[in-house]
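Below: one structure, written as structure tokens.
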Amino acid sequence: MRMMLGISAIVIALDQLTKWVALKYLLGKAAVVVAPFLNFVLVFNRGAAFGFLNDAGDWQNLFFAVVAFIACAIIIYMLTRLESRNTKVGIGLALILGGAIGNVIDRLVHGYVIDFIDVFYGSWHWPAFNIADSAISIGAVLLILDALGIGMRKRHVA
């Protein structure tokens, strides 16, 4: 479990560091072009993933923080029960935990989540996101792959 909490801590640290850099260098500026498909642009998201409920008022900030705390408690409980050889699930849960904590820190400190990564193709833009969102997404994919039995070693039946 220590390794999994270490992964979560790394995600939190990277997430908060990159958000600090984004606030410091992007505040009041237009998008910074990084690549033909990638911009850095500062977005303050008061809603959920992809800006869902972003304009719903102020109630959603507390709601999402409470949901995140409950999810974190459940994930920590699951990590304590997890068999040590189930690393795919452990890493998936650790990534989700780190991402959830990274975003809830923003909600509690700023009242919104700081997003800054803008991926696009032509005029189509994916909603802005951050390192925490990426960790949550990768963690969810790992859990889905595990549930589907993809990427697991085949067991030999005697």
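Glycine is no exception: its Cβ is also placed from the backbone N, Cα and C atoms.
Feature list (source: TrEMBL):
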type	residues	note
ACT_SITE	ASP115	active site
ACT_SITE	ASP133	active site
TRANSMEM	21-42	transmembrane segment
TRANSMEM	62-79	transmembrane segment
TRANSMEM	91-114	transmembrane segment
TRANSMEM	134-152	transmembrane segment
Between ASP115 (active site) and ASP133 (active site), what C-alpha distance do you get in Å?
9
Contact set of the transmembrane segment (91-114) with the rest of its chain, CB cutoff 8 A exclusive, min separation 6+ beyond the ends, reads 4-5, 7-12, 15-16, 19, 22-23, 42-46, 58, 61, 64-65, 68-69, 71-72, 75-76, 78-79, 82, 130-136, 138-143, 146
So which residues does the transmembrane segment (62-79) touch in its own chain, when a touch means Cβ under 8 Å and the partner is 6 or more beyond its ends?
1, 4-5, 47-48, 90, 93-94, 96-97, 100-101, 103-104, 107-108
